[in-house]
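Q: Pulled from TrEMBL, these are the listed features:
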BINDING   59-63, 128-134, ASP157, ALA258, GLY315, HIS365, ASP430  (6S)-NADPHX binding site
BINDING   ASN60, ASP124, SER160  K(+) binding site
BINDING   LYS400, GLY401, ALA402, HIS403, THR404, GLY429  AMP binding site
DOMAIN    10-213  domain 'YjeF N-terminal'
DOMAIN    223-488  domain 'YjeF C-terminal'
Amino acid sequence: MLPIISGEQVKHLDQQYISAEGISSLDLMERAANAFVAWFTTTINPNIKQVYIFAGPGNNGGDGVAIARLLQERYYNVHLFYLQEVADCSADFKANYSRLPDKVLVTKFNEWNGIIAEHSVIIDGVFGVGINRPIEGVFQRLIQILNKATALKIAIDIPSGLPADQIAFGTVFRADHTVSFQFPKLSLLFPEHASFIGELHIMDIGISEETMDAFQVGRFYLRAKDIPSLHRSFHRFSHKGDYGKVLIIGGAKGKTGAINLSAHAALRTDSGLVHLAPYLEDPYLIQPIISELMLFQDDSKQNLNNFDAIAIGPGWGMGVDIAYYQSILARFQKPIVIDADGLNLLAANPDLIHKIPKNSVLTPHLKEFERLVGKSKDHLERMEKAKNFAIANGLILVLKGAHTLVTLPDGRQIFNSSGNQYMATAGSGDVLTGMIASFLGQGYSPEHAALCGVYHHGLAGELASKSKWRGMIASDIIEAIPRTFLELGIK
Ligand SMILES: NC(=O)C1=CN([C@@H]2O[C@H](COP(=O)(O)OP(=O)(O)OC[C@H]3O[C@@H](n4cnc5c(N)ncnc54)[C@H](O)[C@@H]3O)[C@@H](O)[C@H]2O)[C@@H](O)CC1
Ligand SMILES: Nc1ncnc2c1ncn2[C@@H]1O[C@H](COP(=O)(O)OP(=O)(O)O)[C@@H](O)[C@H]1O
Ligand SMILES: [K+]
């Protein structure tokens with residue numbers, strides 16, 4: 001998994017990589033600039049009239065100057081602005097400045113008339129991970145002007161003004177796209193920074209995960225390439241028992257759709273047998289949405305150990321008898337998946353937490369998490385609380401959101417890269433619950449079940465949204481689950 005290292009460590013990483021590979025820092029900057037330009041030329045409408053690049057004094061500015069040259073070589077009209085005397089800029093900035101072709105228009109920022117032509121693009125190379133204090137003076141004036149412009153805005157590495165691993169503390173460039181090098185800086189994954197980042201794109205500049213591992217601080221980014229090795233393989237003689245028997249408990253009156261969604265998702269994730277146990281006096285009153293599902297009447301006494309995995313909570317309601325909740329925990333000794341009202345009931349009855357089997361997977365959204373551990377002032381504090389909670393209770397916490405964060409009982413924290421905003425729709429969390437339960441039932445370790453569940457769920461959302469966009473509903477995500485295996489090359 002790709003380590004998310006701190007902004008402070010980036011310099012050391014660069015130095016180590018440069019000396020190990022025998023290349024210069026200028027070469028690495030050229031790679032970063034080329035990676036940016038490769039993204040730009042394949043993503044941005046080629047009919048733009050003008051590209052404005054704003055270059056600060058450090059290496060982020062140096063990237064901007066190199067990008068100016070490379071875009072001009074590809075016949076874009078480029079106007080470069082620099083903010084500080086070139087003599088006072090970083091060495092690699094200067095080296096790139098001296099390589100600028102005549103066709104790049106160059107102006108010092110304080111001599112600019114402030115006009116931005118229509119159909120143009122703004123590229124922000126003012127500050128990168130080297131920001132070390134709030135933006136003031138000429139820098140602040142520039143960012144304020146740019147933030148008012150209607151042109152498409154693109155940030156190099158990180159929107160200027162945003163610190164790499166903290167909450168924003170002053171003026172920040174508001175990008176439509178952020179093209180970050182090598183790994184996502186931690187602050188690019190915080191929900192409070194959504195309006196600064198726009199769409200996030202991570203471009204590889206060739207530094208290996210092994211090189212980065214030396215600097216890791218226990219935070220990682222989960223990508224498609226990490227997933228296949230987490231999967232179990234099945235063979236020609238596998239039978240449905242090998243694929244697991246799953247029970248989904250929840251679904252009070254009027255809310256049985258939630259367990260139906262979880263159960264359907266478990267089937268599509270390859271579970272052999274899936275049962276529903278709605279919280280109704282007569283569970284046989286409901287009709288499962290698909291005929292492959294079965295109903296289970298739980299009388300609070302049966303041994304549940306016949307099931308390979310259990311998920312509890314979707315649509316359960318808060319009227320559940322706590323003795324029943326306790327009876328489930330007493331009758332099933334393997335790790336379980338807990339979601340929705342299973343979590344809300346836990347928040348209301350904190351003593352229950354000690355009865356939950358170790359390594360169980362809890363999947364709160366931000367509000368459910370707040371009910372469990374109290375308010376957090378920002379995502380950094382929330383991450384810290386997630387870590388303490390997972391370590392103290394020996395549980396796996398899947399904190400759902402745009403970049404769902406999986407925290408393991410040893411404190412490692414893994415951000416998911418898959419998914420999109422179209423997944424913010426009723427029931428998409430129920431789908432995730434069913435998927436994680438399915439992998440658990442197929443014999444995956446709870447850690448692998450959580451990671452595979454989260455990644456495949458996000459990918460299913462991406463695939464389904466290609467044809468449904470804003471109209472996507474949770475059932476569309478379920479229908480796309482089989483394609484996620486194809487996409488990742490998992491038989
Ligand atoms: N491995 C990587 O990630 C690579 C990084 N590169 C680029 O290098 C950047 C980092 O470069 P630097 O370390 O030079 O840092 P920056 O370019 O972010 O700028 C740091 C400079 O700005 C000054 N500064 C910081 N905060 C300020 C403020 N509020 N007001 C005024 N001046 C301020 C600092 O004193 C320093 O001179 C990355 O973000 C990336 O764009 C690439 O060139 C090469 C590869
Ligand atoms: N903007 C987003 N980007 C990526 N994934 C998202 C986004 N919004 C929501 N999701 C995902 O959708 C799911 C929503 O779950 P949840 O809030 O429990 O919904 P519900 O209770 O309706 O089932 C989570 O897995 C979450 O990660
Ligand atoms: K920037």
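Each position is counted from 1, following the chain as shown.
Glycine too: its Cβ is placed from the backbone N, Cα and C atoms.
Looking at the shown structure, what environment does each listed feature sit in?
A: Within 10 Å of the Cβ of GLY62 ((6S)-NADPHX binding site) there are 30 other Cβ atoms, across all protein chains.
Counting Cβ atoms from all protein chains shown, SER160 (K(+) binding site) has 27 others lying within 10 Å of its own Cβ.
Counting every protein chain shown, 24 other Cβ atoms lie within 10 Å of the Cβ of THR404 (AMP binding site).
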Q: Return the members of ASN59, ASP124, ASN132, ASP157, GLY401, ALA402 (the binding-site residues) with CB less than 6 angstroms from at least one atom of ligand 1, or none.
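A: Passing the 6 Å Cβ check against ligand 1: ASN59, ASN132, ASP157.
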Q: Just to be sure I understand the packing, how many Cβ atoms besides its own are within 10 Å of the Cβ of ASP157 ((6S)-NADPHX binding site)?
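A: ASP157 ((6S)-NADPHX binding site) is surrounded by 28 other Cβ atoms within 10 Å.
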Q: Are any of ASN59, GLY62, VAL129, SER160, HIS365 (the binding-site residues) within 10 Å of THR404 (AMP binding site) when you go C-alpha to C-alpha, and if so which?
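A: Hits: HIS365.
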Q: For the C-alpha pair, I'd like the distance in angstrom between LYS400 (AMP binding site) and ASP157 ((6S)-NADPHX binding site), rounded off.
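A: Cα of LYS400 (AMP binding site) to Cα of ASP157 ((6S)-NADPHX binding site) measures 25 Å after rounding.
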Q: For a quick check of understanding: given the listed AMP-binding residues LYS400, GLY401, ALA402, HIS403, THR404, GLY429, what is the maximum Cα-Cα distance in angstrom, as an integer?
A: 14
Q: Cβ under 6 Å from ligand 2: which of the binding-site residues GLY62, SER160, HIS365, ALA402, HIS403, THR404 qualify?
A: HIS365, ALA402, THR404
Q: Going by Cα-Cα distance, which of the binding-site residues (ASN60, GLY401, ALA402) sits nearest to ASP157 ((6S)-NADPHX binding site)?
A: ASN60
Q: Of the binding-site residues ASN60, GLY401, GLY429, which sits closest to ASN132 ((6S)-NADPHX binding site) by Cα distance?
A: ASN60
